[in-house]
Amino acid sequence: MELAGNAYGNIPKCYSMDMSTDFVPMSIFSESSQGKKLSVEGKIYHKFDMKPHNENMEDYAKLCRERTNKYMTRTRQTQFIDDDSEMHMRMRPMLGTVDSKPSGSSDKRKMPMKGSEMKRTRRDPEEMEKILFKLFERQPNWTLKQLILETDQPEQFLKNMLKLLCIYNNKGANQGTYELKPEYKRSEDKSDSQ
């Protein structure tokens with residue numbers, strides 16, 4: 001088969017047609033302008049495949065490459081704006097950014113955020129015991145958060161150490177704090193008197 005006119009540039013003119021009947025027959029439907037009626041316009045019994053002749057394959061491949069490259073190029077453009085004095089060009093802080101402070105948080109020390117760069121490393125348990133004893137000399141009751149800030153140890157490791165050395169106060173004036181077990185308090189008192 002040969003196309004009559006070549007109005008589309010370097011599109012091949014000569015094609016070979018392959019007819020095949022080894023596919024499921026199809027029907028052509030149309031819909032009325034109101035969209036209410038559907039009617040059968042015809043049936044398809046044969047399938048025709050067109051491909052360019054072998055002598056036109058190089059031209060056709062070149063056409064396909066050009067078409068692909070054309071659609072892959074971006075049409076965006078970068079513009080430089082010289083006048084940056086306009087109000088809409090200025091950067092404004094948004095809610096929830098670093099500059100904005102929630103009310104009542106200026107006095108409190110915040111816990112460092114957990115992250116891969118903020119991983120805490122465990123100390124030797126004996127060294128940790130000495131540090132905890134020194135902290136409890138300074139102050140008799142500590143919350144878990146205070147101890148994490150002071151020791152910079154992983155929470156679970158610190159909890160395990162506190163279970164060995166301390167009592168957790170559930171009630172009373174020191175609720176929610178840890179204090180040394182009585183046996184450790186006695187040993188400190190004896191060492192002070194000697």
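A Cβ is built for glycine as well, from the same backbone N, Cα and C atoms used for every other residue.
Features reported for this protein in TrEMBL:
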- 106-124: compositional bias 'Basic and acidic residues' (COMPBIAS)
- 122-185: domain 'TFIIF beta subunit HTH' (DOMAIN)
- 95-124: region 'Disordered' (REGION)
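Confidence for the domain 'TFIIF beta subunit HTH' (122-185), expressed as mean pLDDT, is 90. Per DSSP, the secondary structure of the domain 'TFIIF beta subunit HTH' (122-185) breaks down as 37 helix, 9 strand, 18 coil.
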